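Enquirer: The structure follows.
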Amino acid sequence: MKSSFVHAARRAGATAVIAAATALPLTAQACDNVPDWAQGACNRLGQIWNQGNDELYVTGYAWHNRAAYSADKIKSFREESWGGGWGKGIYDEDGDWQGLYGMAFLDSHGHVEPIAGYGYQKIGRIGDNWRFGIGYTAFLTAREDIFHYIPFPGILPLASVGYDKATFYATYIPGGKGNGNVLFMFGKWTF
């Protein structure tokens with residue numbers, strides 16, 4: 001009983017920390033107390049939060065590299081990683097995408113994984129509506145099988161292809177034999 005209570009408390013705490021990280025509105029006054037070297041980043045985050053378009057995220061699939069796992073281990077994973085989230089994003093003065101997001105989805109073991117972070121992509125365009133991007137995401141997440149829902153940071157590559165308001169994303173989570181090595185795919189609709 002005590003173990004399940006501690007586990008539930010950690011999960012709730014992780015979700016609250018991650019939700020708070022994305023729910024804090026950034027204003028010009030919030031950046032006044034930031035050191036000079038961080039002013040630009042603070043102002044950009046405020047711009048994304050206050051002027052960004054609303055973005056709906058839908059997660060869907062996590063492919064596990066077959067070379068990194070045994071056949072039995074692959075069978076034990078759920079590769080359907082259903083979930084979703086919300087974010088705010090802008091195309092900056094260079095035409096590159098920057099965004100803040102929060103999501104929750106089912107991990108490979110069927111446990112909820114909350115995640116919140118910042119994404120940046122250099123954008124290339126083909127015609128008026130097609131675009132592709134390459135960049136990174138820096139985030140805070142929490143997993144049951146890593147630190148028992150104690151939040152931890154990460155940074156991963158982020159690739160995308162989009163048409164009009166829809167964007168398909170993929171990131172690769174590196175690892176060793178028997179861990180990581182996952183191609184995670186999700187979509188976004190910009191309002």
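Cβ coordinates come from backbone N, Cα and C, glycine included.
Feature list, courtesy of TrEMBL:
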SIGNAL    1-30  signal peptide
ACT_SITE  H64  active site
SITE      K73  site 'Role in lipopolysaccharide recognition'
ACT_SITE  D107  active site
ACT_SITE  S108  active site
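Burial and contacts for the listed features, if you can.
Expert: Counting only same-chain residues at least 6 apart in sequence, those with a Cβ under 8 Å from the Cβ of H64 (active site) are I74, F77, E79, S108, N181, V182. In the three-state DSSP classification, H64 (active site) falls within a strand.
In three-state terms derived from DSSP, K73 (site 'Role in lipopolysaccharide recognition') belongs to a helical segment. Around the Cβ of K73 (site 'Role in lipopolysaccharide recognition'), a 10 Å sphere holds 12 further Cβ atoms from the protein chains shown.
Under the DSSP three-state reduction, D107 (active site) is assigned to coil, being neither helix nor strand. Around the Cβ of D107 (active site), 20 further Cβ atoms fall within 10 Å across all displayed protein chains.
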Enquirer: How far is it from D107 (active site) to K73 (site 'Role in lipopolysaccharide recognition'), counting Cα to Cα, in Å?
Expert: 14
